[in-house]
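Have a look at the structure below, then the notes.
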């Protein structure tokens, strides 16, 4: 009985000791967690699960302490913490994170030739965290095995714990609170996973996910990352949906669809599917064979040289879009024969190309243009509808006795002659040629998204949920380029059996339906024994470059696209291991030389002295398009280019005492072409109207303007030799590694991208600094360049509008200047295609609010980089921002004249200027001869080429 109090005392002591031990353990855990999280970036690089089985997710963002010469005393501590990148508070943590592979850690020795000043302690080059970007995928950022990555925008992804810098600076209670808040946000769908980055990674100062939750704005997120919540958003319908829309994919689609009609269609489709009224559950198989039939065809290069007694006739269906009319005409010229038939569908958004194709159809009786047009978006159900309607049209043309259906695009080109193709198909006239995926069907279905429901509207493919593959059939698929015989086309078009009817319904709600519909129908039809697993084509797949998810703005999925062929690929066309007759893709604005090589290989060289063989012209604006098709930026600059040409005419052609070569501009530009020579962009060709002051008559002229070289290696050159080129622009094409905005035409509301091209060498980190026209440092960030990186690109999230004028982007290594490039942000003379008003000009041309391109100031870097901000320069910029009319045009033209040169000018018709050359007699004008693309009379052998 006496032991009880002792036992109670021991229990109390044990309880107290246990609480103390738990407290100590908790504190130790928090301390260890704090320090270990500081190096999470390196830990993630050393291992961890990769996203989708590919490369690892992006390392935790980190900053490297850079060796920067110290600022003068006047600059130290100024600029609102600009020199310290946020006013301090990051020093030990940022240094502890260190660098990536090959990236120096801690303090670096000062390099010889560095900027002349003392070392500035604690400065870290900065990439801000206020805006989240998904378009900064640098070179090699896509997993090597892209097929192991989930293609969906919506499927959950796993990622290693990232370092959260704001937590490392808070006490434990605040850390727990922040963690709890982050978890709640992730549960609500605010979290967003970014694809992993490899070489060329931009090194930011803070976690991107943290930036998304604390600073991100809805407009800066990708559409699929916007908050959707747990229930349907407030959506207006003409008629309320017949069910509760609860699926996250459908809710996301409803929140992003722009038109009321599209939202209505999404709701109706989702409900029909939810009620089991949309998709077939079971389909009848009519193929008498078990398994997959695959006929082998013999390939003998010599046997196809002899024309058969009853040669097949081919219906070529050309599905084209864009503005590359000359490339299309060159391809048409190569495939044309009087015995075949050509049915051309032009995307309903490509009116210029449609006008050009109509002119071609008037020249040849065996060429017709579809009287209907669809918007054939990438991956859309409309492409299958286009093929099926084209097949019906062709079968109803009783005067066209064709035997084979072949689909082509303007990016295709033949790699063997028409005679070879006809001889081969005549030998196998009962076969159908389609390329299968070559994988197990379950994997193909998953990667192709066949088990997902899609709907096309508003020129977008919306993912609405999951679905089941119908029972009873084998699903197949592969390439959407094929050769089908007439008998099978008749079956697909006119059959009302269970297979065809239900497959048309199933594939009406399928992503990339043309890549699977014909395969699946053929394999399960009575014609299954006619399938040849070869579509007779070579496609230039480079998944490292082509699988950049570049179509996510069009489809709720991640797809791939083939690359353009280059001259080094020519040997692939000469293989004879299997029958191939066409190749894709070719694009003359990327490389025309390979098209010429192939054309000469098939049909021989043009006669010596033939003009235009190395030139390429592509229209980007035509007067019938209307100026509403132009942006304010392009309209502004096209006008300035025209005035630049008139000044050239006055200075180089005008003689004193007469006005015969002096002009006054009239109206808007009539047309604009891109001009390339030997696969190098040479500038713009502006066709415009002007009044000749000597005779007061209107003349039509064409001006050639060329951009000046703006990339410059530092002088004296640094020891760092990896950088080969740098450029700034918009519309970066990561697949072809070029800017699609040729010439880099930028305005105040554009978001420029900085690109660098690298040679091989050791791993390095470089610093990139963006400077505006009055020497305000707008952005600075580091980029890790691994030894194998070839290109890097990054879009700094600058606050808009950008200040008009000439900007400079400087590249430094160890704070030693390596190179710089410049780009022009043009002030706008038009707003909504009307002359800009004073209040609009002041709003657009005065730079961002408080001169703050980012959350933090970099003012203290100006003296370090020898970039003084001149009060007179700032005052002049302020006056320029308020200018309109002729004063604004004068400011614009002075800027344009500093970045562009008027190379030449010519007259398209009669002119009063006696020394003005005629455009058709020049080598550069869009009116000059172009025999490789010109279509003439049919030759005796039935061909055009």
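From the backbone N, Cα and C atoms, a Cβ is placed for every residue, glycine too.
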Name the residue among 34, 407 that Swiss-Prot annotates as N-linked glycosylation site. 407
Record-annotated UDP-alpha-D-xylose site (Swiss-Prot): member among 317, 319, 532 besides 347, 376, 377, 378, 480, 481, 561, 584, 585: 319
For the record in Swiss-Prot, which of the ranges 906-925, 926-945 is the region 'Disordered' one? 926-945
In the structure shown, with every protein chain counted, which of the binding-site residues 378, 481 has the densest set of Cβ atoms within 10 angstroms of its Cβ? 481
Distance between residue 919 (disulfide bond) and residue 913 (disulfide bond) at the Cα atoms, whole Å? 13
Quick one: mean pLDDT on the topological domain 'Cytoplasmic' (1-17)? 50
Tell me the Cβ neighbour count for residue 661 (disulfide bond), meaning other Cβ atoms within 10 Å of its Cβ, over all protein chains shown. 23
Which of 271, 287, 558, 560, all disulfide-bonded residues, has a Cβ with the fewest other Cβ atoms inside 10 Å: 271
Taking only the recorded positions 271, 407, 547, 763, which one has a CA atom nearest to the CA atom of residue 584 (UDP-alpha-D-xylose binding site)? 407
Please name which of the recorded positions listed here, 243, 407, 528, 906, is nearest in space to residue 481 (UDP-alpha-D-xylose binding site), Cα against Cα. 407
Select the closest residue to residue 763 (N-linked glycosylation site) from the following binding-site residues, measuring between CA atoms: 319, 376, 378. 378
For residue 763 (N-linked glycosylation site), which of the three DSSP-derived states applies: helix, strand, or coil? coil
Where does residue 584 (UDP-alpha-D-xylose binding site) sit in DSSP terms: helix, strand, or coil? strand
Mapped DSSP class for residue 528 (disulfide bond), helix or strand or coil: helix
